[in-house]
């Protein structure tokens, strides 16, 4: 009889109300006066795998109520701020770098040419990522300053040696090998991030690998062509 009464009690089909819920559950979804309620909205797929889907999801949820919030909202706001302020910081950094190079080389042409590997490397990297359908994330934005510094460093080394040797063969025989070894070490390091289980680090590794390759190609092929034309003149 006790068992039967327990089964009957558990099978009670009375409507579930707030008063029937345990306080530890009820307090998570209601305000103090039970006038405000928390509604959790779940997306139809993984929101973190596609930036466009995240933005569309946030737009749809925001249309339901102006009081919507959550980690995706904070993440998107942070991404927008990083994108806007990051562009300003990058432009200012490039201007500052150019002024330093201008003072060091005492030549507008050399200062501009030393920035060629960096400029072409970043532009090609962005182009390859766009063509490949790779997304730009916070981790990707963090890679760009690193690519800028590496590209500038290579351009300066090549041109400084060029001012001493004034011979392309000697320049790349003495400076080219260390530069290539440096790029190879960065490539291997980026590959280790590429296969990381964390999506953020994985995208960082992919973008870093692409940036390293594009800067390396610009340093090896574009700069010698420009210097070769100048040498012929």
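Cβ atoms here come from the backbone N, Cα and C positions, even for glycine.
Not measured: the values here are computed from a predicted model.
Per TrEMBL, domain 'Membrane transport protein MMPL' is recorded for 67-228.
For the transmembrane segment (89-112), the list of distant contacts is 144-145, 148, 152, 156, 159, 163: same-chain residues at least six beyond its ends, Cβ to Cβ under 8 Å. Annotated transmembrane segment per TrEMBL: 89-112 (among others), in sequence order.
Long-range contacts of the transmembrane segment (132-152) within the same chain, counting only residues at least 6 positions beyond its ends with a Cβ under 8 Å from a Cβ of the stretch, are 50-51, 78-79, 82-83, 86, 90, 93-94, 97, 101, 114-115, 117-119, 121-122, 125, 182, 186, 200-201, 203-204, 206-208, 211-212, 215, 218-219. Positions annotated as transmembrane segment by TrEMBL: 132-152 (among others).
Residues or ranges marked as transmembrane segment by TrEMBL: 179-198 (among others).
Among the features that TrEMBL reports, transmembrane segment is placed at 204-229 (among others).
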